[in-house]
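J.: Just lifted these from TrEMBL, have a look:
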| type | residues | note |
| --- | --- | --- |
| DOMAIN | 80-372 | domain 'ABC transmembrane type-1' |
| TRANSMEM | 12-33 | transmembrane segment |
| TRANSMEM | 75-104 | transmembrane segment |
| TRANSMEM | 174-193 | transmembrane segment |
| TRANSMEM | 205-228 | transmembrane segment |
| TRANSMEM | 248-265 | transmembrane segment |
| TRANSMEM | 352-371 | transmembrane segment |
């Protein structure tokens, strides 16, 4: 009579895990107690009451009003919004570059594949901070001063900022944003309607021209009808600088380009791997049905690639958000820059580091949650279609 070997005991691995967690907790507790005692010895009382004190310094740029007379809390909020705006712009730029280069890397054109390979290999193998500093030096030394600005229509390029027109309605006329909201809602509905027609009849319905005409034309037409047209505010050179319009500092532009180019190369490799994972038989079958290369890419390749690349894209997006901290190297007023200035003025390194860590953690978890939600939605939709 043969006896089966006894199942391996899981008691040892469980106890090892518990012991490791216990050691980590004990180490953190000892570190916290020692920090508290050292602060008490130095006469420092931990707390966050300093957040309501006057900051005493200005930010070089901010999405909200933040000057020397505001509190530290408001200055931190301004730095957080700057970081969030930079991260959102860089995410869009990196995604567009990554998808385009990923598509180019698998095209039949040898020149296109070579260009995509050179781009990816260049930026994947260079440190981000080096790319940032090179772009900053080239931009500052290559662009002219404000008095000798390079003008491309209403856009003016200088080594200080990029000035461009901006529509700035009167705060009392913010109700004019209603047609813009309606136009965006119509654009979403039209996109779904066009997709439904494509699935049912195979007929292509123009989407981009209709969406652009609606989103741009409806607010302008509505403003003209009610007598308050949306007129762009053009930047005009005065004595020492441009006034009016909008501006993006060179620091912001350089950091944006660095993050977009660097992470675009990473995303391009992710997209290329996703495209190569699509079964070649499906692509050949779509071509045999008479579908154009554009239709094959749009309706056969990209939907499958999207489900494949979202998990690794989560890691790229989270890394990009964390890498916005390199902006401190060129003086952009992001969260890290603001935190460093506050630490120098208040001598509250522990509190400010905890605040900064918590805010970055929150941004990364929010991005991860959003991408995971999208991934789960696409997976549920594909499973529903497969039934």
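A Cβ is built for glycine as well, from the same backbone N, Cα and C atoms used for every other residue.
What you are looking at is a predicted structure, and each value in this text was computed from that prediction instead of being measured.
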J.: Which listed stretch (174-193, 248-265, 352-371) has the most C-beta pairs under 8 A with the transmembrane segment (75-104)?
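T.: By Cβ pairs under 8 Å, 248-265 leads among 174-193, 248-265, 352-371.
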J.: Cβ under 8 Å to the transmembrane segment (248-265), counting only same-chain residues 6 or more beyond its ends: which ones?
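T.: Contacts of the transmembrane segment (248-265) (Cβ under 8 Å, skipping residues fewer than 6 from its ends): 60-61, 86, 89-90, 93-98, 101, 119-120, 122-124, 126, 128, 131-132, 135-136, 139-140, 143, 158-162, 164, 316, 319-320, 323-324, 326-327, 330-332.
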